[in-house]
């Protein structure tokens, strides 16, 4: 029975996404001068992905031309 519980908890841990990569992507986005948001606004450019919880896009305001 204990062995079954161990495999159950290991399978739950295996499905959890790693948090380290999300934190580092948010930091990289901020270094580029952007911010993480669920959706980029019309005047913003999509730089990449943050993948931290629900804030999936790295957005930065476009420079006026």
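Glycine is treated like the rest: Cβ placed from N, Cα and C.
Pulled from Swiss-Prot, these are the features on record:
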DISULFID  29-58  disulfide bond
DISULFID  36-50  disulfide bond
DISULFID  40-59  disulfide bond
SIGNAL    1-21  signal peptide
Original post:
Per DSSP, to which secondary structure element type does residue 40 (disulfide bond) belong, with helix, strand and coil as the options?
Top reply: coil
**OP:** Across all the protein chains here, work out how many other Cβ atoms are within 10 Å of the Cβ of residue 58 (disulfide bond).
**Re:** 25
**OP:** Using DSSP reduced to three states, classify residue 29 (disulfide bond) as helix, strand or coil.
**Re:** helix
Original post:
Using a 10 Å radius around each Cβ and counting other Cβ atoms from all shown chains, which of the disulfide-bonded residues 36, 50, 59 yields the largest count?
Top reply: 50
